[in-house]
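S.K.: Among the features that TrEMBL reports, ATP binding site is placed at 2, 3, 4, 5, 6, 7, 8, 9. Sequence annotations record features per position, and here TrEMBL assigns domain 'Myosin motor' to 1-517. The feature region 'Actin-binding' is assigned by TrEMBL to 451-473.
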């Protein structure tokens, strides 16, 4: 764990290499486990203000062993930041894979996928790198292609997948305008070429799926709803592609042993770090909630269990106090009046808005030490997290929490002439049982369920904590900002951890070992 950009993903890669080395790992399986990283990073990582290669999803890697030999592995992914596909803030980029494609595809391939100059696409905000950067992206694209081959993706699957990604970019350029004859909405004349390039007949569906309601009587509002539906399609399509890649990786790495054989396991959790940007949205709240839960787990393990053991052994011990974040978790997760429960409640009302949601928070949490009403003209609120105060912009909270795909658009995908697109939305796949990429409910419920399963795994295991400390905010090597480091040591509870380790009992032999000695 650690802040965004502290080195969690790099540490995970080093840890994997070290474990494989300890296994004298030269088998094909061990090499494959190491080589899935370029694939996951290309589709799941992006440049943010805090980190040029930021993981925009969480991953839990389970390595399964039999007599010190790796027999299989499984990857679980958590809460991919799909909203990044359609919107990025200043100084940020979309997922790496889009840039790699532009740099690595030949002219003929670009023509086949209908890709034009990258500066024309709204979803990548017209931002493209220098010649040096483009060269690096070209090299990365080759790495991705090699990884796809190695994982066992068929050539046609790779073509389909890139066609979907190109289609997502083209879809982002589709705009809407009023139909003068009857006051409804249609795809604008100027963007019909983009719709054709997207290679999906969605114009009628985009307009059909958002009929004007009493809550959205104006044509301009209908245009906006059509744009929201367009963005929903892009997000869902990308999310399904990502889930499918993870599913294919798991097929490749599954253990091939008799079900009676008992395997031991090492799990490595590499989850998104705590974030506090200039503008913090729904995604940052989800990410910071996950970090609150991990911090609580750390506290429980290091302070509560440790000190309980000393009391049980009747050792002379002066209790060490620590910064318990349970009250912050209650604010966020309590039912029926926690922040997320109130968000679900508001999301269920068609006439509710982000403003009614914020008003509800202000009245429900009045006087709560961890909550502050917004003080600027921008609609929002602040939460005092274990790692400090974060101001959240409330715009888009309800829409992102609903995150639903209209049924008629779902039918359109199921009947697609692109085989992969049909597979992604019907679940007719080689994956065992129902694929993970089919289980994508609203992000908030998906997050709660994922975190619950994850914490159950954590509490049943024997954990080791790797705390990554970020040395500076400038993304510079060899520079240590002492104040910044000290702040992280404080809010992570590491100063108290050092004290409990120093004053406690570090050598704990069993009675049997002691008697033998």
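Placed from the backbone N, Cα and C atoms, the Cβ positions cover glycine too.
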S.K.: Given the ATP site residues 2, 3, 4, 5, 6, 7, 8, 9, which other residues of that chain have a Cβ within 8 Å of the mean position of their Cβ atoms, reported in sequence order?
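M.R.: So the additional residues around the site are 51, 273, 468, 470.
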S.K.: Given the binding-site residues 2, 5, which one has the fewest other C-beta atoms within 10 angstroms of its C-beta?
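M.R.: Comparing Cβ neighbour counts within 10 Å for the binding-site residues 2, 5 gives 2.
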S.K.: Tell me, what is the mean pLDDT of the region 'Actin-binding' (451-473)?
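M.R.: For the region 'Actin-binding' (451-473), the model's average pLDDT rounds to 89.
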